[in-house]
Amino acid sequence: MFSQFSIQQRPFRATTKGVRKGWSPGHNTQTDKHEHRSKLTMAFPSPSLSFAVLAMLVLLPSPSLSGDPDLLQDICVADLTSTVKVNGFACKATVTEDDFYFKGLATPGNTNNTYGSVVTSANVEKVPGLNTLGVSMSRIDYAPGSLNPPHTHPRATEMVFVLQGTLDVGFITTGNKLVAKTINAGDVFVFPRGLVHFQKNNGDAPATVISAFNSQLPGTQSLAMTLFAATPEVPNNVLTMAFQVGTKEVEKIKSRLAPKKS
């Protein structure tokens, strides 16, 4: 990094009279010395600059990092009953093969709900052996005309593989650009981590996808449920101003998204 700097010295040759060549009356030797020290200093950055550059290199995120931190041992099967609070789950002392097994994705989910779609997750809460491994999957079933409403996964990128049917899918960038496509059986589509996305079945036949995530617990935050069904409630004056609607419209949406009383 220092190749652009060099120590430059004025050529010096002694004459027979012991006077440097190029010397003339009025030549300031003190100025020469000052210039020499300045050029020498340029060749070696100050310690504070070197430390700052080193600190930046150390603090830059590694491109090899996945959605979750890397594991520090072969396995760490999640103890879902532990009261210990860590970033993830504490490890179980006794491990069995069932900690790494789940058959829930083989059966279609019940789509008899408000949106007509249902997600069956195979994450660390269903497969404890996924703890610290940084991966999980889901199955999503869609009734004809159904919607997996706009939502985000704050901790993972999602890749869907269409098992059957046709879906209109898309995500919105932070620049408010919609990236959308119609996908069919055998197709794959990617939703980048943290971006709002959706899937809509506009056909007259059911559809199914398998989703893969680079996190043991991607998290899901539905925009509608987050804003209109939070506990405690988001104040109406926040929602009316944000969506430029009246209080009656906000209350109507809240009533429709409120949990059904058993």
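Keep in mind that glycine also has a Cβ here, set from the backbone N, Cα and C atoms.
Of all Cβ atoms in the shown protein chains, 18 besides its own fall within 10 Å of the Cβ of CYS91 (disulfide bond). Among the features that TrEMBL reports, disulfide bond is placed at CYS76-CYS91.
According to TrEMBL, the domain 'Cupin type-1' annotation covers 103-251.
Within its own chain, GLU158 (oxalate binding site) has VAL190, PHE191, HIS197, SER211, ALA212, PHE213, PRO218 as residues 6 or more apart in sequence whose C-beta sits under 8 angstroms from its own. Residues or ranges marked as oxalate binding site in TrEMBL: ASN148, HIS153, GLU158.
Other Cβ atoms within 10 Å of the Cβ of HIS153 (oxalate binding site) number 23 in total over all chains. Per TrEMBL, the feature Mn(2+) binding site maps to HIS151, HIS153, GLU158, HIS197.
Recorded residues CYS91 (disulfide bond) and HIS153 (oxalate binding site) have their alpha carbons 25 Å apart, per Cα-Cα distance. Within 8 Å of the centroid of the Cβ atoms of HIS151, HIS153, GLU158, HIS197, where the record puts Mn(2+), the same chain has further Cβ atoms from THR152, PHE171, PHE191, LEU195, VAL196, PRO218, THR220. Secondary structure counts, DSSP: the domain 'Cupin type-1' (103-251) has 25 helix, 58 strand, 66 coil.
For the binding-site residues shown (HIS151, HIS197), fewest C-beta neighbours within 10 angstroms: HIS151. Looking at CYS76, ASN148, the recorded positions in this record, the fewest other C-beta atoms within 10 angstroms of the C-beta turn up around CYS76.
For the domain 'Cupin type-1' (103-251), the model's pLDDT averages out at 97.
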